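What TrEMBL annotates here:
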- Lys80: active site, proton donor/acceptor (ACT_SITE)
- Gly180, Val181, Gly182, Asn183, Val184, Ala185: NAD(+) binding site (BINDING)
Amino acid sequence: MEIFKYLEKYDYEQLVFCQDKQSGLKAIIAIHDTTLGPALGGTRMWTYASEEAAIEDALRLAKGMTYKNAAAGLNLGGGKTVIIGDPRKDKSEELFRAFGRYVQGLNGRYITAEDVGTTVADMDLIHEETDFVTGISPAFGSSGNPSPVTAFGVYRGMKAAAKEAFGTDSLEGRVVAVQGVGNVAYTLCEYLHKEGAQLIVTDINKEAVNRAVQAFGARAVDPDDIYGVECDIYAPCALGATINDDTIPQLKAKVIAGSANNQLKDARHGDIIHEMGIVYAPDYVINAGGVINVADELYGYNQERAMKKVEQLYTTIEKVIEISKRDGIPTYVAADRMAEERIARIRNSRSQFLQNGHHILSHRISR
Ligand SMILES: NC(=O)C1=CN([C@@H]2O[C@H](COP(=O)(O)OP(=O)(O)OC[C@H]3O[C@@H](n4cnc5c(N)ncnc54)[C@H](O)[C@@H]3O)[C@@H](O)[C@H]2O)C=CC1
Ligand SMILES: CC(C)CC(=O)C(=O)O
């Protein structure tokens, strides 16, 4: 990969490589855009096939956070970290503390939180070294695990998308195919089960599948079979790029609404599902519940206020669908437009210089 070419093409601000021999830390922090404010985005720990794959993941996820935060109306930019390693084997206090010192070194340009492979306990270790971390234990006055709140947002967004596809937002009797029943999707399944939806689940982790089968009477299928099952809604809640050339022809669902980041392998896959008449709730819009929740910590965390904002993701998905219909464009394009318009608006309003804090020449004046 020609890194600077790539950064320039998609307008990235910064890419930080973090290496700590003693703890074995190898991490990449990508900061995409800080027009709206400091870059906020989680830390993913994953076993990548190559360093290039890790860099690419960090970059794609960071850009997604710029759009997610903008579309959610947050005054935050987009960033993300990937730590190269196996979350089941390679975690240690030293590793997360070493990473925390790198985050501290960015002096607030980047704020982290959980993502796939990291937990509240890991965030607490990072917090030993920096304040620029959210989703730490509630004992610190923080918001804790964002996953249940992400699930609530996905549930709300799914209902809005269902209303468009089926004329009602009731999920009673709807068949939902859930891919990956991890932290977010398990709670999502709770909401769906409570409303009377029928669940089909899959996961590469058998224990996770069994838990969902037992708790919700879900039907289990093999990971490769989830795309082709007879269902109303496909909820991708594992990793990205599952909407692609191989899977699209198998899909029976009329709605795609799930928590995974970067669901479309390429933009053109968003065009194809649009042409097929599938209502697609854009990933970074519907899965913003977690970031809305952790961002509330910046104002002094208030759970009720955060949940009210997350509930509004229903309206945000409605708005995206409305723009899509009005302008005759796929929903993923409508969401991008919404986010880009907000960034441009704020960028322009910031062009009128206003000193924030001490005057830049105050040290000279006082002498
Ligand atoms: N946790 C959060 O608050 C947020 C999560 N997301 C995204 O939602 C997705 C899920 O996140 P979490 O639930 O936190 O992660 P998780 O790691 O708890 O759950 C993911 C599940 O997917 C399974 N999985 C992985 N590959 C699979 C495959 N090929 N087929 C079937 N199952 C597979 C894993 O075994 C795991 O059980 C991720 O893409 C994440 O980036 C997005 C926004 C916030
Ligand atoms: C809790 C969020 C900050 C997690 C995240 O990075 C995301 O929304 O993808």
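Cβ from N, Cα, C; glycine included.
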Cα-to-Cα gap, Ala185 (NAD(+) binding site) vs Lys80 (active site, proton donor/acceptor), nearest whole Å:
21
Between Gly180 (NAD(+) binding site) and Lys80 (active site, proton donor/acceptor), what C-alpha distance do you get in Å?
21
Just checking, which of Gly180, Gly182 (binding-site residues) has the fewest C-beta atoms within 10 Å of its C-beta?
Gly182
C-alpha of Lys80 (active site, proton donor/acceptor) to C-alpha of Gly182 (NAD(+) binding site): distance in Å?
20
Using a Cβ-Cβ cut-off under 8 angstroms and a sequence gap of six or more, which residues of the chain neighbour Val184 (NAD(+) binding site)?
Ser147, Pro148, Thr150, Ala151, Val154, Cys237, Ser259, Asn287, Gly290
Around Asn183 (NAD(+) binding site), how many other CB atoms lie within 10 A of its CB?
21
